[in-house]
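Heads up, the thing below is written out as structure tokens.
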Amino acid sequence: MSGKGAPELSVRNCGDLRVAVIAAQWHEKVMDGLVDGALRALHELGIDEPTLLRVPGSFELPVVAKVLAGRGYDAIVALGVVIRGGTPHFEYVSQGVTLGLTQVTVDTGVPVGFGVLTCDTEEQALDRAGLEGSNEDKGHEAVTAAVATAATLRTVSEPWR
């Protein structure tokens, strides 16, 4: 299972961060779990007014993330699902989304939490969606990673003493 060995991140003093969550609409049940996990994580971190935007699919996540990164957000979380089918479409979309979101982070300095599931089957996606009986909660994990990185960036941006 991919969740083994995940770090336990301690994130404090982040309630004033501006965070946006962008969620694709394909695979509604999986997406509902990812969004719920993301919003729960934000609430636990004291971030009670995040921006939540929906896009048609995972391929649209990078362009919206790039625009939001230029609008003063401290962290962005991208949530989506790409499930392998019988054509090369899976590889193209997975690679495009991954590279696109990475490029947004590198170009803008705004962390983008990667909550895009790339799975062989819908069952694998459901098992990672944070639903009752799921083994993992990737929406929650993506928020924690993005906010922890934003908090680190805030620390290194402060003047050295």
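Note: Cβ is positioned from N, Cα and C throughout, glycine not excepted.
As written in Swiss-Prot, here are the features:
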type     : residues                                : note
BINDING  : W26, S58, F59, E60, V81, V82, I83, F114 : 5-amino-6-(D-ribitylamino)uracil binding site
BINDING  : G86, T87, R128                          : (2S)-2-hydroxy-3-oxobutyl phosphate binding site
ACT_SITE : H89                                     : active site, proton donor
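Feature map: Swiss-Prot annotations on the structure.
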residue	record	contacts (Cβ under 8 Å, 6+ apart)
W26	5-amino-6-(D-ribitylamino)uracil binding site	P56, G57, S58, G80, V81
E60	5-amino-6-(D-ribitylamino)uracil binding site	A24
V82	5-amino-6-(D-ribitylamino)uracil binding site	S58, F90, V93, S94, V97, V116, L117, T118, C119
I83	5-amino-6-(D-ribitylamino)uracil binding site	H27, F90, C119, D120, T121, E122, A125
G86	(2S)-2-hydroxy-3-oxobutyl phosphate binding site	none
T87	(2S)-2-hydroxy-3-oxobutyl phosphate binding site	none
H89	active site, proton donor	none
F114	5-amino-6-(D-ribitylamino)uracil binding site	A78, T98, L101, A142, A145
For (2S)-2-hydroxy-3-oxobutyl phosphate: widest Cα to Cα gap among G86, T87, R128 in Å: 23
Listed in sequence order, residues with CB under 8 A of F59 (5-amino-6-(D-ribitylamino)uracil binding site) and six or more positions away: V93, G96, V97
Residue among binding-site residues S58, V81, R128 with least C-beta crowding, 10 angstrom cut-off: R128
Longest CA-CA distance among W26, S58, F59, E60, V81, V82, I83, F114, per record bound to 5-amino-6-(D-ribitylamino)uracil, angstrom: 17
DSSP state at S58 (5-amino-6-(D-ribitylamino)uracil binding site), helix/strand/coil: helix
